[in-house]
Amino acid sequence: MALQLGLFLIWAGVSVFLQLDPVNGDQDEGVSTEPTQDGPAELPEDEECVFPFVYRNRKHFDCTVHGSLFPWCSLDADYVGRWKYCAQRDYAKCVFPFIYGGKKYETCTKIGSMWMSWCSLSPNYDKDRAWKYC
């Protein structure tokens with residue numbers, strides 16, 4: 001029983017840290033975009049995230065954990081292997097004005113939300129459905 005429990009705990013621990021679909025898994029061989037302790041290889045820290053960006057045919061309006069254990073963003077509108085982990089300053093900002101329900105909003109709103117104010121991450125929420133709490 002103890003041996004089975006020990007094997008399960010080892011398996012569970014490995015599973016938590018195993019990243020099956022790395023962010024840069026579709027890159028050409030010989031091109032290094034692996035992160036180092038200082039951040040992604042050969043990328044200055046001051047480069048800004050580009051929103052929205054397309055990764056694997058999906059449009060992202062904010063930092064994502066798609067294919068990663070930690071939030072990241074692309075440095076290009078179409079992901080081509082240039083990326084960085086998101087710091088607090090990197091997350092997408094509200095876009096004003098934005099359209100919601102055919103109406104223009106200049107500030108965060110509680111309309112459509114039960115408790116908290118929110119804003120759109122694109123000029124047209126009705127089209128993109130991208131939002132965050134304010």
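Cβ atoms are placed via backbone N, Cα and C, with glycine included.
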**Asked** Of the residues T36, T107, which is given the O-linked glycosylation site tag by Swiss-Prot?
**Response** T36
**Prompt:** Quick one: Swiss-Prot says C134 makes a disulfide with which of C94, C108?
**Reply:** C108
**Prompt:** C63 forms a disulfide with which residue in Swiss-Prot, given the options C49, C86?
**Reply:** C86
**Prompt:** Per Swiss-Prot, which of C73, C119 is disulfide-bonded to C94?
**Reply:** C119
**Item:** Subset of disulfide-bonded residues (C49, C73, C94, C108, C119, C134) lying within 10 A of C86 (disulfide bond), CA to CA, in sequence order
**Value:** C49, C73
**Complete:** The rounded CA-CA distance in Å from C134 (disulfide bond) to C49 (disulfide bond) is 20
**Prompt:** Including all protein chains displayed, how many Cβ atoms other than that of C63 (disulfide bond) lie within 10 Å of its Cβ?
**Reply:** 21
**Candidates C119, C134: member of the disulfide-bonded residues with the richest Cβ shell (10 Å)** = C119
**Asked** Which is it, of C49, C73, C86, C108: the one of these disulfide-bonded residues whose Cβ has the most other Cβ atoms within 10 Å?
**Response** C73
